[in-house]
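As annotated by TrEMBL, domain 'Major facilitator superfamily (MFS) profile' applies to 21-480. According to TrEMBL, the feature transmembrane segment maps to 21-42, 62-80, 92-111, 117-138, 150-172, 178-203, 286-304, 324-346, 351-372, 392-413, 425-442, 454-476.
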Amino acid sequence: MTTQSEEKGTVSRTRVVLSQVIACIALDFLLVGLGMSISFVTMVVPEVLDAREGLSLNKKEASWFGSMAFLCQPLGSIFSGPLLDYFGRKKALFLVNIPHLVAWVLMYTAWNVPSLFIANALLGIGTGIMEAPSITYVGEISDPSIRGILTTLTNCFTSTGMFIAYLLGTVLTWRQAALVSLTVPIATMLLVLFVPETPIWLLSKGRQKEALRSLCCLRGWAEPEDVKEEFDQLVQYNDLIQQCVVCTRDGKLDVEPCCHNSHNVFKRMINKFRNVLFVKETMRPFALVMAYFFFYTLSGLSPVKPNMVNVCRALGMKYDPKNIVVAVGVVFIIMNILSAVIVKVIGKRKLVLFSLLATAFCSLALSVYARTNLPIELFSYEPSTFPNKGEILPVFLFMLLVSFSSLGIPWVLLSEVFPFRGRGLATGLAAALSYVIFFVAAKTNYNLEANFHISGAFFFYGIIGIIGTCYLYFFLPETESKTLVEIEAYYKGNQKIFADDFFINAFRKKNCLNTDVNKPMLVK
């Protein structure tokens with residue numbers, strides 16, 4: 001007769017991993033569509049910039065068109081959090097595809113400049129709505145041992161979408177490419193029908209039996225007794241987050257009945273912002289993630305993405321810029337896969353620091369090249385100023401910039417740092433602000449180039465990357481292989497400044513040196 005421990009061993013590790021990978025398939029298709037939407041403009045701009053036939057945009061219109069999606073993405077992100085919390089993760093993954101369905105149809109049929117802008121705006125809104133469900137789902141269904149790999153691989157599928165958009169731009173017209181892109185949200189909506197809801201969301205709605213079935217499915221199609229320990233921990237965590245924040249803080253939880261949820265809708269909303277969003281365990285990771293988004297975005301690659309084809313031409317690269325952009329998509333995929341491997345070896349913290357610093361140095365190298373080899377009148381939004389020479393050095397430097405930038409993982413950090421109580425709201429708001437940063441970066445690239453030459457723009461991006469590396473070195477903790485509960489507990493603590501892995505050093509300090517790890521310190 002087998003014991004309970006032996007029965008637990010019947011669920012192989014392969015089955016556990018496979019069940020979570022399969023559950024992410026619909027999410028992966030969603031991310032492919034997201035990558036296509038954020039990169040499609042890169043292929044449209046060179047075709048419509050001062051075009052002699054069909055739709056045509058002047059330099060200012062092209063600048064706005066390239067950044068329009070980033071401007072509209074915050075609007076989608078604001079609705080993303082409430083949509084996620086109200087409908088659940090699974091239904092949200094289905095509903096967020098609707099704006100892209102409309103956008104791709106409108107992009108294909110665009111008959112004038114306003115309709116083209118509206119289509120791009122809808123792509124931006126749809127992308128913004130997608131962020132919170134896509135980020136949250138993988139974080140909540142995966143166990144800590146493989147969460148780092150699964151969340152990092154989400155970047156790979158986004159990059160695959162970018163590559164597909166770039167590839168379609170070389171073999172099809174942009175209208176035909178838009179029509180092909182329509183198949184992705186349709187496929188995603190069909191696949192979502194077969195994925196499980198996240199156990200913690202089901203528990204938050206009082207649906208314990210469904211939550212248990214979902215957890216069994218996500219842990220290798222196991223039996224309830226095989227996941228009993230993890231399920232009990234989830235139940236305890238859910239009971240904790242269901243308690244009133246105000247009553248818990250004031251020590252009145254067992255003294256008198258809670259009345260804070262009996263206010264009108266407006267007051268409940270105010271209380272949610274004040275007691276769920278504006279608390280230390282939410283605001284600390286929120287500020288840190290937004291700082292990372294700022295430094296990552298302004299370190300070199302993101303600002304030039306909408307105008308990448310013309311930037312490659314302006315730098316005097318040897319090969320066809322459209323082929324270079326396709327190669328960029330391939331490099332993104334390869335480096336995202338590599339980052340998923342690296343993150344298990346060195347952790348998220350060292351990966352972030354290395355990729356940001358290396359990206360900054362690549363931007364500085366491109367700045368030096370542009371200053372010493374390109375004419376001062378060069379302007380990437382003015383094709384008549386492009387040099388005729390074809391050099392291999394800018395290709396090499398730009399590919400290095402792409403490689404190191406694609407190792408960055410801001411969206412991965414966003415998927416795991418917020419407590420469940422405010423996860424939907426905080427994730428949606430963080431995604432919205434990140435797209436504001438993307439918009440500012442893309443829009444100001446035009447102004448930086450116009451006033452300080454392309455070399456001045458890349459020099460500015462390089463300096464921002466170096467400053468960001470220094471900041472994150474002191475404030476970014478290591479979260480790899482830590483449970484969401486452990487990460488939340490860290491941000492509830494008082495330690496703010498360190499220069500190494502917080503969790504390892506905190507344990508070492510507590511058990512070996514008997515020091516108070518809750519005091520702010522610099523860990524050497």
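Each Cβ is built from the backbone N, Cα and C atoms, and glycine gets one as well.
In this chain, the transmembrane segment (150-172) touches the transmembrane segment (324-346); three or more CB pairs sit within less than 8 A of each other, excluding pairs fewer than 6 residues apart. If you count C-beta pairs under 8 angstroms between the transmembrane segment (62-80) and each of 21-42, 117-138, 150-172, 286-304, 425-442, the highest count goes to 117-138.
Taking Cβ pairs closer than 8 Å, the transmembrane segment (150-172) reaches residues 20-21, 24, 27-29, 31-40, 42-44, 134-135, 138-139, 142, 180-181, 184, 322-323, 325-326, 328-330, 332-333, 335-337, 339-340, 343, 406, 409, 411-412, 415-416 in its own chain, all 6 or more past its ends.
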